[in-house]
Amino acid sequence: MTATRRFLPGWLSSYATLYILFLYLPVIFLPIFSVNTAATPKFPLSGVTLHWYEDLPKTPALIDATWNSLIVGVSASILSTVLGILAARSITRYRYPGRRAINGLIMAPLVLPEVIVAISMLLVMLQLGLSLSLFTVVLGHVLVCIPYSMTVLTSGFEGFDRSLEEASADLGESAFGTFRRVTLPMVAPAIISSLLVCFTISLDEFIIAFFLTGTEATLPIYIWGQLRFAAKLPGVLALGTLLLLASFVLMTIAEILRRRAARRTQNEGGLYA
Amino acid sequence: MLEQVQSERIQTDRTMIEIRDVTRSYGSFKALDNASLAIREGEFFSLLGPSGCGKTTLLRMIAGFDTPTGGSIAVDGQPMEGIPANRRPTNMVFQSYAIFPHLNVEQNVAYGLKRLKLDAGEEKRRVEEALAQVSLTGLGKRRATEISGGQRQRVALARALVMRPKVLLLDEPLSALDKKLREQMQVELRRLQQAVGITFVLVTHDQYEALAMSDRIAVMFGGRIAQVASPKEIYQRPVNRQVADFLGGMNFVKAEIVEENGASLVLDTLGFGRVRTDKPKAFVRNGGAATLGIRPERLRVLWDNATAKFEVAGKVVERHYFGEITHLIVEIPGLEKPLSVTETNDFGADDIPVGAPIRLAYDPEALVAMAD
């Protein structure tokens with residue numbers, strides 16, 4: 001703290017404070033208004049209540065939407081992580097022409113306009129004769145999750161010292177045994193981290209789900225639907241707060257695991273000793 | 001001397017590793033070109049050469065991580081073709097040590113034993129024994145990330161030795177250590193090899209390391225084996241300029257062949273006059289010219305009126321102080337390049353002024369003839 005004070009002139013720290021406020025103030029309003037007794041989000045609060053939270057489990061449509069989101073989230077995270085593992089392994093381990101281009105193309109959905117991606121996917125799905133369902137949402141989410149999965153996994157796989165696998169073989173272990181006893185334990189944190197990140201992304205994703213879902217709504221779609229009714233707003237705010245909390249917790253765990261994986265794979269040998 | 005005696009005890013004449021005409025090509029590039037070598041049982045053998053000379057490729061082929069594109073390798077009489085690394089009677093100490101970071105020291109050492117399905121007591125006993133061999137007793141519970149570079153290297157050694165391999169392969173095991181620790185480990189590695197009696201094959205680019213530890217050395221350049229001999233012979237009787245140059249300093253003097261017969265050569269040089277030397281085994285004459293070599297430490301400064309049977313006279317042109325020794329550059333009339341001389345500092349070689357006339361004594365035995 002003292003170091004920060006010494007090196008940051010006064011204006012710089014106030015700028016930093018404003019910056020953080022700008023980023024997080026809107027988010028703070030969500031939990032604040034979700035405990036307001038009045039239905040309109042306005043200061044001053046008319047009273048504090050957990051009433052809106054208690055109402056959440058009593059809404060069947062919400063329960064359905066939650067289930068749908070869980071199904072989509074779990075499927076999409078598993079699928080994109082499996083695909084991500086294969087791609088990340090190939091990109092971090094082998095050198096071949098077009099490696100960078102392939103990496104770029106896999107990462108591209110991160111910056112493509114989501115509406116466009118959603119519309120294109122809708123067109124493709126319809127051309128393929130697939131009827132819109134949770135399955136199509138899963139496919140859409142896999143597309144947007146893979147870049148995140150790749151980021152987490154490549155940072156976990158990068159610097160994986162190949163001689164560790166050779167050492168295992170040298171000590172008599174088979175290829176499968178090496179995978180089970182060396183490779184997997186070392187990259188497991190990155191894999192779990194990728195699953196969590198993808199799940200979180202899928203849980204919050206709106207646009208693609210909006211275009212690709214059939215009659216079964218996911219949570220963000222449900223929230224969108226509820227916004228039409230002013231009276232339902234506090235319930236939406238309560239739900240939003242819970243989603244926010246869940247995302248925050250999941251992402252924190254994912255980041256801790258990712259760092260642990262990155263630390264593990266770096267076999268520092270004697271080079272830094 | 002003591003080591004010499006000990007090594008004779010554990011070494012046998014039996015061939016442990018037979019490398020026959022081994023080639024490894026990558027497209028048109030040959031990392032290894034028709035290399036043949038027989039490494040004896042119980043021998044401490046070094047593959048020495050600059051980076052890219054093929055020494056690591058050869059080691060990895062013995063371990064089973066690389067496959068020859070031509071020729072064959074046999075370990076203990078058994079052809080290795082088609083046998084994967086995990087079924088070879090060899091174990092390796094990797095350059096990066098490759099310590100499993102998610103396991104502790106004990107688990108690292110026991111890694112290979114797990115597959116042998118020993119009973120718990122026997123496994124524990126062997127792990128303890130291996131840790132004791134590398135002086136790591138009591139550190140078994142340490143995490144792999146909590147130990148120093150030198151200790152990591154010992155873990156790598158213990159992990160390989162615990163498997164009781166027929167051959168232990170060491171890939172530049174000391175290159176990551178600092179100088180002091182490296183010198184200490186050289187002595188320890190040699191002692192360990194004598195104690196366990198296993199054939200060691202060491203890959204290194206450090207000539208002093210190879211000279212200090214090995215029973216025999218193979219010097220390699222550009223995928224070919226240039227010379228295989230004892231450290232002393234390699235150093236004193238290098239087969240060519242390249243080998244001589246790679247192992248320590250060497251003064252090269254142009255020479256003309258006056259006479260050649262079965263065992264000796266008579267050479268005419270400008271600085272050293274007419275010289276009769278042993279003819280090297282692999283000497284193949286290339287026209288009338290040859291090169292005469294003499295190590296800088298085999299030239300001795302003659303003080304005051306001292307004389308020697310064989311001497312050259314010249315003038316000091318440079319002086320470099322290295323603590324225990326001084327390095328003098330001496331110009332000799334008639335030699336196109338000045339001679340390098342190293343002299344210990346006990347008689348004041350560090351005080352010889354630049355520009356002073358100087359006389360150097362040498363032993364004709366120290367002169368080496370090399371083909372041009």
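Even glycines carry a Cβ here, placed using N, Cα and C.
Features reported for this protein in TrEMBL:
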- A:66-254: domain 'ABC transmembrane type-1' (DOMAIN)
- A:12-33: transmembrane segment (TRANSMEM)
- A:67-89: transmembrane segment (TRANSMEM)
- A:101-126: transmembrane segment (TRANSMEM)
- A:132-153: transmembrane segment (TRANSMEM)
- A:190-213: transmembrane segment (TRANSMEM)
- A:233-254: transmembrane segment (TRANSMEM)
Ranked by Cβ pairs within a distance under 8 Å of the transmembrane segment (A:190-213), the first of A:12-33, A:67-89, A:101-126, A:132-153, A:233-254 is A:132-153
Tertiary contacts of the transmembrane segment (A:67-89), as residues 6+ beyond its ends and Cβ separation under 8 Å = 102, 106, 134, 137-138, 141-142, 145-146, 148-150, 152-154, 156-157, 191, 194-199, 202-203, 209, 216-220
Same-chain Cβ contacts of the transmembrane segment (A:101-126) under 8 Å, 6 or more residues past its ends?
-> 87, 91, 132, 136, 139-140, 143-144, 146-148, 150-151, 207-208, 210-212
